[in-house]
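A short worksheet on the structure shown next.
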Amino acid sequence: MEEKHQEETGELTLVLALATLIAAFGSSFQYGYNVAAVNSPSEFMQQFYNDTYYDRNEENIESFTLTLLWSLTVSMFPFGGFIGSLMVGTLVNKLGRKGALLFNNIFSILPAILMGCSQIAQSFELIIISRLLVGICAGISSNVVPMYLGELAPKNLRGALGVVPQLFITVGILVAQLFGLRSLLANEDGWPVLLGLTGVPAGLQLLLLPFFPESPRYLLIQKKDEAAAERALQTLRGWKDVHLEMEEIRKEDEAEKAAGFISVWKLFTMQSLRWQLISMIVLMAGQQLSGVNAIYYYADQIYLSAGVKSDDVQYVTAGTGAVNVFMTILTIFVVELWGRRFLLLVGFSTCLIACLVLTAALALQNTISWMPYISIVCVIVYVIGHALGPSPIPALLITEIFLQSSRPAAYMIGGSVHWLSNFTVGLIFPFIQMGLGPYSFIIFATICFLTTIYIFMVVPETKGRTFIEINQIFTMKNKVSDVYPKKEEELGALPHAILEQ
């Protein structure tokens, strides 16, 4: 009886905890690390670009050409992320979730070696190519890790474990900021080491992850290997009797037989998945277009205007990164208590208020002496709000609102939206800042407001529900009679259990 109760509630076993940590550290950590790794040593890297150009051509590089090369260095990362997102469906269907993560380490170890040797080889081209490769790595990992952990976790731990990838992204950013202090590796000799360290987590994952189970859902639904799926569940749960969870996966398999293989194109045309698709696109776009990258872009300027010495800005920036890590840890503990929907509403609302107040503070900072301090508070409040909901929850929800056959295609679309939005903000924000000045954040406040309204009106709470139950909630919105109806019929008489939800 006790074992049956354990199966219904689920526990954080040692195997599940280690699988989560190894997957997140080996993949998500690299994403965060490579976001921040080039920021601190940028002036030394650009000097290296100039010196290399001079050695080849016996003249200094033109300012425009240097700016173009550095823009390529930075923008190759989100562009690679977009390419990586397009590869997700094929990789997870052919290699499995765990197999895709192991394969993905190629896109980390190879560029780590190239970046580490770039100074010796006198080639800035190696850095630009490597930034594309680590971007591909981040694009794959940002989609596959939440999918893998969401399929490993029991439903009562799915939210907490689903936030862990975002935690390791923030830890990766913080570690890059700390290693990127001038006194450590952000200097003339240390920057190749700083860039090359991204290969260390990949190497550890390559050594350790093979000893942990593949996703039981992938094994049963896609590989049709019930024995392997049951063994994987028993290893993850720590007990032999997993028949209730196996039965739930079988029901999901039965529900999906009518749909068959779902490609990206088919996902766009299926009425039974329409509102799941729209919700995913809104959340992934809202996550990036809410201004998170712009806040970090503007942060140094805000700190300087508040009187922080230029040499000390790096420490304040690292402090902001520490706040981000702390709030993401807090989210792990409250996501199963407060739910996904509530955290999204609170997070986007907090970002909305922070953007509005920041706009006023920036507009008045030359008039009122203490306004720069309000700006600093706004940056910190924004980081807190984004860490509570907009950063960690959207990727978790993709796992929850789609079933096994549609999940890879959903992650391809969601990941593509994420990286294109990221790239767009990075590309156009400097021009928005030039045109609107302190009023730039009105645009992000508007996006936060619209996203909050959408979440309130459309996105359901998924806490504590099975994947089938969550998809049944959407049947009424989609005006279909079942999760995957054989014919996309208009909504008729729905089962009473669905109407109650």
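Quick reminder: no glycine exception, Cβ is built from N, Cα and C everywhere.
For the D-fructose site that Swiss-Prot gives as Y31, Q287, I295, Y296, Y297, H386, H418, W419, the extra residue drawn from Q122, Q166 is Q166. Considering N50, N422, the record held by Swiss-Prot lists N50, annotated as N-linked glycosylation site.
Topology check against Swiss-Prot: G159 and S310 carry distinct topological domain names and occupy opposite sides of the membrane. Considering other CB atoms within 10 Å as the measure, the emptiest surroundings among the binding-site residues Y31, Y296, W419 are those of Y296. Of the Cβ pairs linking the transmembrane segment (412-432) with the transmembrane segment (126-148) and spaced 6 or more residues apart, 3 or more are under 8 Å, so the two regions touch.
In terms of C-beta pairs under 8 Å, the stretch of 18-38, 161-181, 277-297, 342-362 lying closest in packing to the transmembrane segment (126-148) is 18-38. There are 26 other CB atoms within 10 A of the CB of Q287 (D-fructose binding site), with all protein chains counted.
The stretch from 18-38, 161-181, 277-297, 342-362 with the most CB pairs below 8 A to the transmembrane segment (313-333) is 161-181. Counted over residue pairs 6 or more apart, the CB atoms of the transmembrane segment (277-297) and the transmembrane segment (342-362) come under 8 Å in at least three pairs, which marks the two as touching.
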